[in-house]
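Enquirer: Summarising the annotation, Swiss-Prot assigns active site, proton acceptor to 322. Look at Swiss-Prot and you will find 549, 613, 615, 656, 657, 658, 689 tagged as thiamine diphosphate binding site. Annotation source Swiss-Prot lists 2-oxoglutarate binding site at 588, 613, 1031, citing similarity to another entry. The Mg(2+) binding site feature in Swiss-Prot is assigned to 656, 689, 691. Feature annotation from Swiss-Prot assigns acetyl-CoA binding site to 1049, 1065, 1100, 1103, 1153, 1160, 1161; the stated evidence is similarity to another entry. Per Swiss-Prot, coiled coil is recorded for 794-824, and the stated evidence type is sequence analysis. Per Swiss-Prot, the feature compositional bias 'Low complexity' maps to 51-61, 71-98. For 1-41, the entry in Swiss-Prot reads region '2-oxoglutarate dehydrogenase E1, N-terminal part'. For 40-108, the entry in Swiss-Prot reads region 'Disordered'. Swiss-Prot lists 42-94 with the feature region 'Linker'. Marked as region 'Succinyltransferase E2' by Swiss-Prot: 95-343. The region '2-oxoglutarate dehydrogenase E1, C-terminal part' annotation in Swiss-Prot covers 344-1238.
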């Protein structure tokens, strides 16, 4: 008798065949079998495993003709499917006599069965000793088919591979066994007694059909062990491993033993219904038939089948050992599998396990609504995906919340009254897609999910312009073209460079801060693609602004900063000849390079601006810098729709927490479409590592996305999974295309993660343990992308390894070279003060005729222009002043700017209410009373009298109600165009502190930190006039505290002419340093604060001013014994008081330039008063504010022989700039004057 109890079951033939090969030639057998086969003995194994059974009665000596089979002993009634129950007798009836086989006919071919074929005979004969019965159940397969399509479509776009029907059915079988453990038992005789053995684990046997080299087929059954402990993904992995090793001949003895229940799927070859043989040692074998429509519908068309709601069926059979399993159990077991395959919970678990980012297809009854009704619902569904599809997109590479975005009611077909039965029905979708008028719901969903729910989530329906919506819709819904192999290799090369660079720095410079890009490496191929697309359009430059994270990587792999220079900065090996000022850390520095296309012939300039650690502070600076470059190129007017005008592209990188949290982001976005500020669209890339320093998103923003603020300007938003570099590249190119088509901002939100802490010394797991449990075990994007390319056959493993080794080799070579460079010891930083000196003899006076021409311009309104009746007198007065003198402050300012325009300078003037002026003093732009047509007089100065251009421009803009972004923009403009005259005016000087970060980080220290020069002018209305603490002070003390190394010029001129010369000197001296001017308010209409024409045509800026009586020789300096030093509009109050009191013993000296303090001029002026004994500094500001906190220290050092005892006259020290009461203000002001002249 066959050895039916062999531990290898029906695989015993294979083991014996291997043993024979091993015995003849051990090397012909896989080494994993050697230990088992070295002492294997088929005979002893058979004897040892032969079960102790009661021998059957002897067969007759001669075969009897057609003997009837023995009847079973009496027992319980038939159960389950009607199969008789096993007889309770332990002694089976005698086997019937076998009839002899008829002899072969003449011509028949005889073949002795050996090896596998003989083993099959043996196994099948042995199986006859197992009394079996079979249950059969037809199961709807439509849900199985549809969900498998969904799963495999998703896998195809991710890691590759497929889920088979057998994977799903096998897993369902294992889950059903948990509910029916008896199906996992098997029968065994022990010492002549029947036993039911319940194994500790479910070991699922897979019947695998193998084809040998000779073309013959053989069947092996290999087991997946302990599969009841596996989740679906683990089960699939184990399944694929068994099948792969079977195909490769790598199965081991362990794989063949211990199978407790088997699954066979003859349906793959079209078998609809099978009753497989059950081998000893198992309780059941489950057969899977082919999926077919019911026979009566197999001739129907697809359309008719869909219309009727007919689905395919799959037949499951359970052939079981009837001695230990009853028909009812088997039937319930199949029913459970049936129910499971239709259950929401079963599919939810599988979709979660495979990280499918949306809900499975649900089993629901067909909805009998009319096609007309459903057509409308299809349109609703399409609109829902366009609006909400991003909520179901698979954009989080960490998948920290696997259920958060898997569903939205609007995206559920059931919400729209549709079911799986509608998937294959055709509906009218005319106009919805660029394609046929009618489409199956399945195809509609495929387009919608491919477009909106894969690795890119798109938000664009908030855009108000239909043309832009339509353009985006057509682009994203079009079928994506797969990158070529060459393009894929190029993307991989950028990932190699990004990761290897970080790994290299981490290895070589352990513990040094660098704010690595690890976890977000896809931003490198993304930026590369965007710049490449800009080059494809033939644009002039891409200017990048970004925070410190990833900055070194961008410098190296995007801008092209030499590795040697970066490594030298890590070494601290700075070249003294390149030192400038105090410097800054390496991850704040900028650079410039040239980008050369890999797959094209164009190149483009690329630059990265310097930035501080103040997140997002660089945003408006970048925009201003780009606008300046665009204006310099003069490709067209930037305030029009001229495409060529925007040939310089700003690319701005952000962090997710900063983009949502920093108010300057909203301020900067608000500039996007404003005249005077628009740059034709910015490419925003958010490196969304889903965490602030340690703060999780739920604590850092109230919105769903960090990008929601960008909806305010109608910018399209693309959320993209950073683990899919191809998607990142596609989005980057699309973003540039949109920018070029519509000259608008585009937002790319690349979700990724931060491999390390905020910096390399930080441990993020202390505050974000769950996230970093995932991060610590996550494979990097380079590895996962490499595996995907190898898996798809696009590249070989060797090609991938060679490319990485080549890049690592380059880094190692440069590193060794840097280590050999001459090392320079650290030295104290040098001041930059001496780098720029005002040229001697600089003339700022102008010819009288130019003043007259500017005055005439204000009355040269166009024909038919209606000037407002309150403005007309102002214009007429200006012409009068230009010819007769007594020029006031506002006109002196316009004379300065107009003269610069006439001399070929670009003048840009902006601020809140700047065109008219906060105090209705400027009227630089005249508005027609009826038509709102605008007339700008100073623009007439852009041409000479003969009509030829001067080369100058006058650009004046009302800014948005913003300080931070507005000041940053103007600073950036001066960096981009150093020759421009750029002025920003605060509404009141008090409000400039809204831009304090720009002042601290850029204006006052940009030169010392980065060598970045600026000549921006800040005009800050300042003065105590009883208007309260928020309309009084431009905070002189703060600017003086920031001043050092000649970093700025700070002035508070007291005459219109001195202001005129100050502005002209600043524009013409060739020095690139900011100018801070504290301008007047009430003094704008002070009849004493005027200047004569000769003050504009004969002199220049004077940093120290005496009273005119002394300058004219009327006053006697020898009578003076008290000198009152002062600055600003209080001078006029002091002069009036002096005249009233007839105090010839008191002289008033004005310090017009507060910093740098004019030491020589001040010394010369004071020396003219030989009898002066008392020196006072008089200011309106409180004692702890204004110029005194600095001057109280600096004046005694300047002139110790005269000013060592200088005293202060001012308001008391105050926490606010002034009193809120105008009456208290008047008392305090009088007290200052009384003390000064007391």
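For all residues, glycine too, the Cβ spot is worked out from N, Cα and C.
Tell me about the setting of these features in this model.
Expert: Over all protein chains present, the Cβ of residue 322 (active site, proton acceptor) has 23 other Cβ atoms lying within 10 Å.
Neighbours of residue 658 (thiamine diphosphate binding site), defined as other CB atoms within 10 A of its CB across all chains, total 21.
Following the DSSP three-state reduction, the secondary structure of residue 1031 (2-oxoglutarate binding site) is coil.
Of all Cβ atoms in the protein chains displayed, 22 besides its own lie within 10 Å of the Cβ of residue 691 (Mg(2+) binding site).
Listed in sequence order, 1066, 1073, 1074, 1075, 1076, 1153, 1155, 1156 are the same-chain residues six or more apart from residue 1049 (acetyl-CoA binding site) with CB atoms under 8 A from its CB.
When averaged over the region '2-oxoglutarate dehydrogenase E1, N-terminal part' (1-41), pLDDT in the model lands at 62.
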Enquirer: Return the member of 549, 656, 691 nearest to residue 1065 (acetyl-CoA binding site) in space, with distance defined Cα to Cα and candidates limited to these binding-site residues.
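Expert: Of the binding-site residues 549, 656, 691, 549 has its Cα closest to that of residue 1065 (acetyl-CoA binding site).
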Enquirer: Between the two most separated Cα atoms in 1049, 1065, 1100, 1103, 1153, 1160, 1161, the residues recorded as binding acetyl-CoA, what distance in Å do you get?
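Expert: Per the listed residues, the maximum Cα distance equals 19 Å.
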Enquirer: Could you state, as a whole number of Å, the largest distance between Cα atoms of any two of 549, 613, 615, 656, 657, 658, 689, the listed thiamine diphosphate binders?
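Expert: Greatest Cα separation within the listed binding residues comes to 18 Å.
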Enquirer: Compare the C-alpha of residue 1160 (acetyl-CoA binding site) with the C-alpha of each of the binding-site residues 689, 691, 1031, and give the closest one.
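Expert: Nearest candidate: 1031.
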Enquirer: Measuring CA to CA, name the entry from the binding-site residues 549, 613, 656, 658, 691 that ends up nearest residue 1100 (acetyl-CoA binding site).
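Expert: Going through 549, 613, 656, 658, 691 one by one, the Cα closest to that of residue 1100 (acetyl-CoA binding site) is 613.
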Enquirer: Measuring CA to CA, name the entry from the recorded positions 322, 1103, 1161 that ends up nearest residue 689 (thiamine diphosphate binding site).
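Expert: That would be 1103, the closest of 322, 1103, 1161 to residue 689 (thiamine diphosphate binding site).
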Enquirer: Among the binding-site residues listed here (1100, 1160, 1161), identify the one with the smallest other-Cβ count within 10 Å.
Expert: 1160
Enquirer: Roughly how many angstrom lie between the C-alpha atoms of residue 658 (thiamine diphosphate binding site) and residue 1103 (acetyl-CoA binding site)?
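Expert: The Cα atom of residue 658 (thiamine diphosphate binding site) is 43 Å away from the Cα atom of residue 1103 (acetyl-CoA binding site).
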Enquirer: Taking Cα atoms as reference points, rank the binding-site residues 549, 615, 1103 by distance from residue 322 (active site, proton acceptor) and give the first.
Expert: 549
Enquirer: Whose Cβ lies within 8 Å of the mean position of the Cβ atoms of 656, 689, 691, the Mg(2+) site, other than those residues?
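Expert: For the Mg(2+) site the neighbour list reads 655, 657, 687, 688, 690, 692, 697, 752, 753, 754.
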Enquirer: Between 613, 689, 1103, 1153, which of the binding-site residues has the fewest other CB atoms within 10 angstroms in the structure shown?
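Expert: It is 613 that, of the binding-site residues 613, 689, 1103, 1153, has the fewest other Cβ atoms within 10 Å.
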Enquirer: State the three-class DSSP label for residue 658 (thiamine diphosphate binding site), counting H, G and I as helix, E and B as strand, and everything else as coil.
Expert: helix
Enquirer: Can you check which residue among the binding-site residues 549, 1065 has the largest number of Cβ atoms within 10 Å of its own?
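Expert: Most Cβ neighbours within 10 Å: 549.
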